[in-house]
Structures are given as C-alpha cells and as structure tokens.
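Q: Okay, here's the structure, questions in a sec.
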Amino acid sequence: MESSPRAVGVAASASLALLVAALAAVAGAEGGYPFGFTEGYYDGTCPSVQSVVRSVMERHAAANPRTAPAILRLFFHDCFVNGCDASVLLDATGSMESEKDAEPNASLFGFNVIDDIKSELEKSCPATVSCADVLALAARDAVAMLGGPSWSVPLGRKDSLTATSTDDTKKSLPSTTDSLSELVRMFGENGLDERDLTALSGAHTVGMTHNCKHYEERIYDQRGQGGDSIDPSFAALRRQECAEKNNEPTVPFDERTPAKFDNAYFVNLLARRGLLTSDQVLYSQGCEAGDLVKTYAMNGEVFFADFARAMVKMGNIRPKQWWAPAEVRLKCSVANGHY
C-alpha cells in the first residue's frame, strides 16, 4: 500500500526535526556543555584520573617553576587551533606538519609533562582518558597551583588524528601586536565574547617572554621613547634590558607578582605597564574590555569567577568538523597506529 503525499510529508518533517535536534545536541546548548561532555565522564572507567593529573603536575611544578604557566599556555594554543583536540601535541610525520613548528608555537613548553601524565594513566586506565582531557585538567590544576581559581572540568573530548598545517595554525592564534578589534573578532570566531577575551588575557598574570621581538614595537616609536600608551619609565627599562641582553632578556608579563596567579596584570594595564600591545589594548576607553580591566583590577574575586567561567567555555570549543573520526590516543605525540 503506497503512502499518501501528506503522510510522506509528515514523516519527512519529523525526520528533519529529529536531525535538527540531534545537531543542536551535538553542538551544545547555549551556556551548556557540548553533547557527551560531563564532569563525571570517567567516574566509572578511570576514577583516579583527577588525582593522577594533579600528582604529576605537582611533581613537575616543584621541579620547574615554568611548568604551570607553560601548561596553561599549551591548552590555549590547542583550543584556538580547530578546537580542544590535543592536535598541538602531535609530532610531525612524513605526511603531516606539526602545529609545534608554527611560529607562534615555537616557544611552547611542557609536552613532557602531558606525556608523563598520560603514561601514568595508561598504567591504571589503559586506552581510556584522551590527551585532550588530560590537557584540560592539567591547565585547571596549573592555575590552582599558582594561587588562582579552580573549577569543574567537563570531560569527554577526543583526540584528533591529524594536526593543522603550520600556516593555518599561525592564522588561528592571536598576535602580540593585534588591535582590540582584531582580538574581539578572533575570539568571536571561537564563540568567545569580549568578557571572555578580557578574562582569559588575565592568564598573562603569570609567565615570561624571552625575546624583545614580541614587544619591540611597543617600547620604541619614531623617536625611540615609546608611545603614549606606555609608561615612559617602563619603556626605558625594557629598552635597556633588550640592549643589555642582545634582545633576548627574560621578562615577566606581570612585573608585580610574576609567579602568582592574581589580578595584578590588570593593575599593570591601568598604569600603562602592559608588556604586549595585545595586553595594553584591552584598556581602551569606552569599550567593555576597558571597563572590565578596571573592575578586575579592583576586585580579584570577580576576575577569578570570570576567568574560571571563560576557561570552561574555551575548553568546550570543538573542532570545526566535529563529526570527523577521532580517538583516544595511547601516546599523545602520535596518532594510534603510527608508531
């Protein structure tokens, strides 16, 4: 018996509705976690995951103070290049470039820390915890170890099989000389708003830079005295260091409390002592970012709350082709079956 045109139409409409609902679920509801992400994702399969990540992080941080800031930066550089899929951890192969070799990633550090965490997890929970989730948890613990906030991390990410080309990686990451409008655009493409941008930029309350090329255009103008947006004494100090250290001094992003995660970064911006152009542009009059800089400088608790919320939101960024094959890598630097 043939179906009537009306019955076919109803069935087609129902199928379309189910498809739309499914896609919406996978994409994630506004303000919620992507489909399949839960804080208790490993409760039944690897209940020790959080303690393992924390213990290995503590061991490495005790041995090297650079560890915690480096892991936080590593997570950011992973998520901004086609989502939080651990693609930044992959080594190059004969047929694939590595994101590690892109210019903005040349100074990334901490890959061995993630490898050690993964190795420990493979002993207790073989082929269970993704490298992407390891990195998300390690970044959270890194902030807490430095005196910053902690938060519940939604888990369930999978690892990509391939990395993004070095050219596309460079295009996906903010530059140290970006304008505020460019930063807002780039963060917006990842589903992050101006509040997220300002809060996440506060990660520069820790960490160092080791080359004057990242801020030379900020400390020099045509007269060699620095621009109007920079404190003259700060510019002079940075120029002196660059001259004495052959343009390779080690300079903290936050000169006040470089090893502590706090709101001093925003206090620096108010004083026109932000190190990078992309830092100082946040303190622009008449914009949301500028107002937030003042708020965070006066109230560290507001900054901590917004930072934690923004980190969860950034950690929810999925690859653009979220339906593409993915896996739980057994070794974070190599896709399964390629070693």
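Cβ atoms are placed via backbone N, Cα and C, with glycine included.
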Q: Based on the record in TrEMBL, give the one of Cys287, Cys332 in a disulfide bond with Cys131.
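A: That would be Cys332, the partner TrEMBL lists for Cys131.
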Q: Going by TrEMBL, which one of Cys46, Cys212, Cys242 is joined to Cys125 by a disulfide bond?
A: Cys46
Q: For Asp254 (Ca(2+) 2 binding site), which of the recorded positions Cys79, Ser87, Glu99 has the nearest Cα in space?
A: Cys79
Q: When you tally the Cβ atoms that lie within 10 Å of each candidate's Cβ, which of the binding-site residues (Ser87, Thr205, Thr257) has the highest tally?
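A: Answer returned by the neighbour count: Thr205.
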Q: In sequence order, which residues at least six apart in the same chain have a CB under 8 Å from the CB of Gly83 (Ca(2+) 1 binding site)?
A: Ile317, Arg318, Pro319, Lys320, Trp322
Q: Of the binding-site residues Val81, Asp85, His204, Thr205, which sits closest to Arg73 (site 'Transition state stabilizer') by Cα distance?
A: His204
Q: Across the domain 'Plant heme peroxidase family profile' (36-336), what does the mean pLDDT come to, as a whole number?
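A: So the average pLDDT across the domain 'Plant heme peroxidase family profile' (36-336) works out to 95.
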Q: Would you list the other residues of this chain near Ca(2+) 2 - those whose C-beta lies within 8 angstroms of the C-beta centroid of Thr205, Asp254, Thr257, Asp262 - in sequence order?
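A: These residues sit around the Ca(2+) 2 site: Val206, Arg256, Pro258, Lys260, Phe261, Asn263, Ala264, Tyr265.
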Q: Suppose we draw a 10 Å sphere around the Cβ of Cys46 (disulfide bond). How many other Cβ atoms does it contain, all chains included?
A: 18
